[in-house]
């Protein structure tokens, strides 16, 4: 039995999709455990670039089972659009499995998301307006509609009628806008369910059977640790748990069955949306990193905020996710910068602190304590081993591993999968 979790160690967009795709080659099952279509990942496969938001990265390997676990919230319309996107490009999806316990995003979730975000004014969270938060709210409030309900005509209609009575009062009284009729949603979404039905099953059984038969299972996280609803920069977070612990609740696989946890990070830091960002760069170097690294959101197209590598953040991720391995991406983006900086601690009111404060007012006032390292000018995009890196690039990579306390297992020097290099095999480590 071998199972590996891929976790983002920063604010998402660390290159998890590429690393998951890379590791998928040696897995027999690939599963997502949280989030929804708010997370985008770009994958280059067979020389073609694909953008996925919901379906696991392993879908391009038709012999591998791909699972959308119970911890996700699924927009049926978006899922069908993504399936069509793949079918139109000749990609089979017969290997997809969708949990019958996954919650469903409906039109009122999308509307609620947009209205709530607009009402917050300057205090907005930076939501992608995909209905993710409201769907998780309904799940916690025990009024959510699950995939199993969507496939049951009577159950779906009964729950939809109940929910709309409540949601429409919310829209009318709080937002002074019209709600939805049952007719506007019911037939359309029931039909979506019928189109998805062939993929729906108890995915906990699928995953545990695979593990019990000594198959390699890869768990794919979305977003990142700093967007985790419990351990991230709350409230500027997502509505689920991207940390490795999310695997257990989001797939129905016990924690003892997880063997390795790979933390993925960039050689710098980026984030989309609002919230404190201690190492953020507003200068020409920041602009250079953004343009060279093509730092624009896969889902939103928004320019990402960028900054120096923050080892305080990644150490936090190591602790709360139990990281065993490090995958360092986008090292090539730093080429040509004469002096590189790594944040080793924060300074607040004259005191040096080594951990991420829970109080965001404190975090916003933290000043990064930097360690400087010399940069490099050599083209490293063709490098295939640590020894081939220029001395300064290798020292930078090694210092990141030292400061975070995580053993390096992979590093990337470009966006293509053949630019990802293995230092040690995470399935056998």
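Keep in mind that glycine also has a Cβ here, set from the backbone N, Cα and C atoms.
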Residue among 127, 128, 251 sharing the IMP site, where Swiss-Prot lists 13, 14, 15, 16, 38, 39, 40, 41, 142, 223, 238, 302 as binders: 128
Count of other CB atoms lying within 10 Å of the CB belonging to residue 302 (IMP binding site): 13
Among the IMP-binding set 13, 14, 15, 16, 38, 39, 40, 41, 128, 142, 223, 238, 302, as the record gives it, the longest Cα-Cα distance in Å: 34
Distance from residue 300 (substrate binding site) back to residue 38 (IMP binding site), taken between C-alpha atoms, in Å: 9
Those recorded positions, out of 12, 13, 300, 303, that come within 10 angstroms of residue 223 (IMP binding site) at the Cα: 12, 13
